[in-house]
Each structure stands twice: as C-alpha cells, then as structure tokens.
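Only one structure is covered here, and it is reproduced in the block below.
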Amino acid sequence: MKPSQRMHGLVQHINAVAQQLGLDMLTVKKEYIFRTWVTISAPLTYAVFGVYWGFLEARRHWLEGIKSSIMLGGLVSGSAKLLTILLRHTPIRDLLHFIIKISVDYEQRGVDFIHALNFGIDRVYKIQRIIFVGYSITFLIMLLMPLVLLFYKGIRITVMPYEIPGLSIDSNIGYGLTYLQHTIPEVVGGIGFYLGDMLVLLALNQIQTFADIFQLKATALNDALERKEQSRYVCSVGEYKDFNIQALLMDLINWHQLFVDYCELVEKIYDNLIAAQVFAASVSIVICLCVNLNEFDLISAIFFLVSAYSMSVYCIVGTQIEFAYDQVYQTVSCLSWHELSCEQRKLYMMMLQRAQNMKIIILLGITPLSLGTALQASELDFCFGNLLAKNNI
C-alpha cells in the first residue's frame, strides 16, 4: 500500500473510534447526537456521584475518602481530552487532512521519501498497538473482576469507587443497577482515552517523520554542494555550474519553516490536553500508592498501572521529539555552507538560528515533556505516597 493509503486508513480508524462516541472528527460541521450527549454525561456523572461519595467516605475515615478519589486523575485527563476534541474540532480536522496531504505529495518524490513516510506510519502503528492492548486489558479487568469475585467468592465490589445514593449494593437489584451505571463511564472512558491518545500521538509522531524528510532534503542539497566543490578541480577557468543549489536551498528552508509551524500548531492544539494527561496521571499514582501502601486495593492497583502506563507513553514520545529537534539541528549544522554564496549564507544563517531555538513542549510552563520528567514525577509520587502512608495523615 502507498503511504497515503496507509495514513488515510489510520485516520479513518481514529475517526471510526470517535464516531462510537458521537464525535466525528472529519465532518465539516460538528453535530451533537445522542451518543455525543452520553459521552458528555460520563464524566459529569462520575464527578457528581464520585465527589458526593468521596465526601461521605472522608467523614468516616481519611483513607476511605482517598480510595473514593483514586480515579480523580482519570476524570481530569478524560475531561481534558473531551473538551479539546469539542472545542478544537476544526483545527484537529484540518491537521488530520494536512497529514494525509503531506503523505500524498511526498510519496511521489521517490523511494527515499516513501521509506521515510512508511517508517513514520509504522512508528504510529506500534504505539497504537501498545496503547490499544494496554487499555483493553486494564479496562476489561476492571469490568470483569467484580463479576468474577461475585460469582466465585460472593464478594461485592464496584467498578467505579463510589456507590449511587439510594441503591444498596447488598441487594441484587441495587448491585446490578450500580454495575450497569458504572459500565457506561468505564466504557466511554476507555474508548475516550484511546481516542485522545491516538489523536495526540499521531500528531506528535509526525514531527519525527518531518525531521526525516528534512534530512533527505538536506542530503540532496549537501550532495549538490559537494559536486560544486569537486567541479572546481575539473572545470575550465571562468566556467560555472549551478547544480540547482538555489532551488534545493529554498526547498529546504521552506520545509524547515513548515516544520517549525507544524510543531507550534501541534503544541497550540494539544498543550492543555498533554499537561492534564501527565499531571493527572501523576496525581493518580500518588493516590493509588497511598492506598496500596496502607492496604491492598484491587481497583487502585489496576488504575495505578493505567496511570503509570499512560504517563510513560507521553513522556517517551516527548523525548523522541527532542531527539527529532536535535536531528534537525545536527543536519543543518553539517551542511557544506562554505560552498554557498553570500546571499545564500544569509538564508542559511536564518534557518540555523531557528533550528537552534526550537520551542520544546513545556507542561504548564514548568517542565518539559520528556522521560526525565516522568522519572522525576515517579520519584516524587513514591516519596509523597510513602510519606502519607507512614504518617497515616
């Protein structure tokens, strides 16, 4: 398959997932249908019942109050993803169409560009399989474990960490209705998490693909500059060969400008979503650690894995983006600039200056999106959770 066909299929897959939630990402006009309102109601119901139940439990014991808030981080990150999709529907749709257009244009430029595009798409598919398997396993366990414990041991636990006022889980009808109500936000949340992650990670991974295309263009320019240098040894006095350097240089500069604009656009669209995802996951890790260091709790242990897993994926991709920025800078620095004319060197210096000052993704203006941030957050989470558990406060 051509890279454009593969990319179009990937975007269609993401849109099919969005349509399950009533969120068509490729439509021109955003419409609110029944499934859209069900999706919107999922975080609202959890916020209402979860906060109310958490307040009641906290009055009995502080640990019970913390147990009821273990999915608060999921509520924050899920709400951020939903609001981003609803409020920034048009720029997200335009971004998806732009990504497809780049694949269509550059698959016609030769085998090297096709390989770069396919390599980028393979990278997205690998991440897609990782997050799909991870979310599927964890959310299925959270849904099925209460049923397993009920049928085999007679233990009644809820899917979500709250009970509905007026419905007692000690009765069969009350437990059944509670389980059905919990299933709705659980399923919507699982699909929504997957959808939000795919939209963000697809956009972020294209930065690496664009960096690979930039390197191919720079290689073509460098080859022309080297041929110009070699021609001086064989050409007659006064003979001049251009080797199409001006066109290759302008093509490289234009692509670098597109690269910079794309990076800024992605950050502008998804900055709040990424920050909410990482910090909410960090808070969830603290809460789950605090609960499990006092006593083992199955739901919080599973949600701990979900939170740590999602935060790690984002931070690893953030580190790969930093490598892509370094790749672009190294590529620009290694050009044979001394073979350029004076006017061409001025253009080259402007591009070099932009490459030296690439704007990395900063979470709430505090810390960069990188694996180092994930490690620091994990260390702080463990220390803080251990402190709460030891002091029993």
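Keep in mind that glycine also has a Cβ here, set from the backbone N, Cα and C atoms.
Feature annotation from TrEMBL assigns transmembrane segment to 32-56 (among others).
Taken from TrEMBL, the feature transmembrane segment covers 68-87 (among others).
Marked as transmembrane segment by TrEMBL: 130-152 (among others).
The feature transmembrane segment is assigned by TrEMBL to 187-207 (among others).
Per TrEMBL, transmembrane segment is recorded for 273-292 (among others).
Positions annotated as transmembrane segment by TrEMBL: 298-317 (among others).
Annotation source TrEMBL lists transmembrane segment at 360-378 (among others).
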Practice problem: Could you give the residue numbers and ranges of same-chain residues that sit at least 6 residues beyond the transmembrane segment (32-56) on either side and whose C-beta is under 8 angstroms from one of its C-beta atoms? | Solution: 20-23, 65, 68-69, 71-72, 75, 78-79, 82, 160-165, 181, 184-185, 188-189, 192
Quiz prompt | Contact set, same chain, for the transmembrane segment (68-87): CB under 8 Å, 6 or more residues outside the stretch | solution = 18, 23, 25, 30, 39-40, 42-43, 46-47, 50, 53-54, 57-58, 160-162, 189, 192-193, 195-196, 199, 269-270, 272-273, 276-277, 279-285, 287-288, 291, 297, 299-300, 303, 306-307, 310
